Amino acid sequence: MCCEKWSRVAEMFLFIEEREDCKILCLCSRAFVEDRKLYNLGLKGYYIRDSGNNSGDQATEEEEGGYSCGTAESHDSKGIGLDESELDSEAELMRSMGLPLQFGRITAHKDFEVSMNTRNKVKIKKKKHQKKYLDEIVQESWRKEYEEDDILASDDPSSIEQYENTRTYELQSKKDTETENPPVENTLSPKLEITEKWEKYWNEYGGGLLWQSWQEKHPGQALSSEPWNFPDTKEEWEQHYSQLYWYYLEQFQYWEAQGWTFDASQSCDTDTYTSKTEADDKNDEKCMKVDLVSFPSSPIMVDNDSSGTSDKDHSEILDGISNIKLNSEEVTQSQLDSCTSHDGHQQLSEVSSKRECPASGQSEPRNGGTNEESNSSGNTNTDPPAEDSQKSSGANTSKDRPHASGTDGDESEEDPPEHKPSKLKRSHELDIDENPASDFDDSGSLLGFKYGSGQKYGGIPNFSHRQVRYLEKNVKLKSKYLDMRRQIKMKNKHIFFTKESEKPFFKKSKILSKVEKFLTWVNKPMDEEASQESSSHDNVHDASTSSDSEEQDMSVKKGDDLLETNNPEPEKCQSVSSAGELETENYERDSLLATVPDEQDCVTQEVPDSRQAETEAEVKKKKNKKKNKKVNGLPPEIAAVPELAKYWAQRYRLFSRFDDGIKLDREGWFSVTPEKIAEHIAGRVSQSFKCDVVVDAFCGVGGNTIQFALTGMRVIAIDIDPVKIALARNNAEVYGIADKIEFICGDFLLLASFLKADVVFLSPPWGGPDYATAETFDIRTMMSPDGFEIFRLSKKITNNIVYFLPRNADIDQVASLAGPGGQVEIEQNFLNNKLKTITAYFGDLIRRPASET
């Protein structure tokens, strides 16, 4: 019998002033129940009880074509339902007259939630696809690198040349395959294209990124210029290379999917300005080097300081791979010469050399060259990537060279300013003025609680602060669609105006066009007849001749208000035309008198007959629809009190067996607990521990008492009003559990010291419906008797107390009932996604997390 949907939302610690060590733990939970079917039955005015648990479902499905049931079933626990929990007399009157109570679709939130779920599923599917695609790229890259490692491990230049030729042949064969097989292009071409772009990107920026990260990991240390060759750092370097490689590959894939593109910088081709080196380098401080590294674990460096016997091999390798590195001055001069000879009108343009890398947020240095593979550097400097000018592949060698160094070339222009990398805000990032931690505030505003400044229980001073830890994800989003009786912030609606000052174009309805044509056809004989009648009746109807179209409208479409209100223009035009006909066509009256009556009779006979047939069909349909429907009017005692009308519509949600003889007094209509909420509370008490006796200190007409008895517990029902005791006994007999309840007419404040029970249920009077108008409900001053006093007396009976309170009760006062260092669970009771009440549980009734039990 417990609620189907119950969740633990948050834990809130309340710290007492001057006693920070004695904090009170407040467990916050939410319970959701629904009774839309019972409410719909109350609106229909009858109730049929069957043997099943879903009472009244069959009757609801049979009547109204299953409308009410369909409406109820279309709302789940997360949807936004009609404002059906509380209907005033005016709304009830509007509903009975068939007028709408609201505008817009009821299922707006459900449609929004379905669309959000679909969007989330698509995002998850895309992420899985990207991850799978990335894994395939990783596997292929590893396989290729291992193959390159096996070939480059040997010093034989012929094997390297053979490998380069094989690689070129493979790429060419792949391109040919893509050209020959267009259908396979969708699966192969994106992968090949992304791989090539990534290789270009990594060859251009990878070295700088590796070396910069290596320096950040080892600050203040004397770094080796070749950590990949140093035995102590070789293994660490390989791990460092692998981590950064796959990290930036993933980032590259992500940013490329977001629409970013990578274009290698334009510069002269390497082969154009590759110059022959001479053996008599006099002042070469930085020697020519060759980068043959494709895998970090096997770097191969060729230095021109080696013996003369290996110079020939070096030259062959340089010609085969074209990975040449000169010192900065020679490269600059070679660039200027080759670019001038290659293209007469092409000149080196000075551009900013600091470009932002989308994937890494890094930028290439400005000191005369681009970043390089850090494992291909041979300098003894601690920052070799920043000072060398080499490239890691022949295809990209000497690309992206922004401008020449200051020694050669045109120095008339100043260097471009160094641009700082711009930080692009992602779509899910918050603005600077937004608070990123708004979901985790210390006030617990997302819970919908009310905090007041009333007196605390047990002499506790005010609470210094609160700490809230949310236990449920997306609390803000879920709370947004719950009606917690607070002001809802609506989004601003923007009205967009066109730049051109033109009149707005309204699309004309097809039905309206047909009606205009019909009226034009009908008004031709009617205007002539009206003119005849106006001349033969002593000008009595002269003033009304301009309204012939209106008279015809009433004869043709009697009762059709839509066309009369929305189409005034045709009437005006027709009146003007009819007046013109009276002045200009008087001489044709005699000739038309013979034809007008025949046409008019045809129209006036056919149209009313069709309208009469439609009216009769509608009346017959309504009679069949209302056939066998039993409508109960308001009882005299309810009709005499207009403010009880809306509670009468909710009678089945108060007692599902209302028609079996349930009786209520005026105060009982206001104070009785809805049956579904009472059923949830009783079920929770019965499931907490073995409970035999429950005291209902303020039983009223027996709403909670009956539900406690239905769970099998014995109940002591107490109330000071003998009328309510009689009503509660009658209602218990209707449910057949009067033998499990002991009714006592007396004052709980006087009887508390003589009672013994396992659980005490407190639901004192809240002062009528006016309790909801208060911003915060003070449980000490706004209840009679005093809320603190009845709790103190209940503690003498047992520590297991259930306190049933209004939804706007002061949470600080409720928490203070637990005492310093104590615990309390405050449960919000939602009825059809609307916050109705809160229930405070003390003692063993608290549902603690599984880790604490």
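Glycine is no exception: its Cβ is also placed from the backbone N, Cα and C atoms.
Annotation comment: Swiss-Prot describes S55 (among others) as phosphoserine.
According to Swiss-Prot, the feature phosphothreonine maps to T60, an assignment based on a large-scale study or a structure entry.
Annotation comment: Swiss-Prot describes S85 (among others) as phosphoserine.
Swiss-Prot lists S89 (among others) with the feature phosphoserine, giving a large-scale study or a structure entry as the kind of evidence.
Sequence-distant contacts of S96 (phosphoserine), defined by Cβ-Cβ distance under 8 angstroms and a gap of at least six in the same chain, do not exist. Here Swiss-Prot flags S96 (among others) as phosphoserine, drawing on a large-scale study or a structure entry.
Annotated phosphoserine per Swiss-Prot: S141 (among others), in sequence order, evidence recorded as a large-scale study or a structure entry.
Among the features that Swiss-Prot reports, phosphotyrosine is placed at Y146.
As annotated by Swiss-Prot, phosphoserine applies to S154 (among others).
Residues annotated as compositional bias 'Polar residues' in Swiss-Prot: 156-171 (among others).
According to Swiss-Prot, the feature phosphoserine maps to S189 (among others).
For 367-382, the entry in Swiss-Prot reads compositional bias 'Low complexity'.
The annotation phosphoserine is assigned in Swiss-Prot to S412 (among others).
Under the heading compositional bias 'Acidic residues', Swiss-Prot lists 431-442.
According to Swiss-Prot, the feature phosphoserine maps to S438 (among others).
Residues or ranges marked as compositional bias 'Polar residues' in Swiss-Prot: 564-578 (among others).
Per Swiss-Prot, phosphoserine is recorded for S578 (among others), and the stated evidence type is a large-scale study or a structure entry.
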Cα separation, W766 (N(7)-methylguanosine binding site) to D719 (S-adenosyl-L-methionine binding site) (Å, whole number): 15
Taken over the region 'Sufficient for catalytic activity' (631-846), the model's mean pLDDT: 90
Cβ-based isolation winner (fewest other Cβ atoms within 10 Å) among the binding-site residues D719, W766: W766
Conformational class of D719 (S-adenosyl-L-methionine binding site) under the three-state DSSP mapping: strand
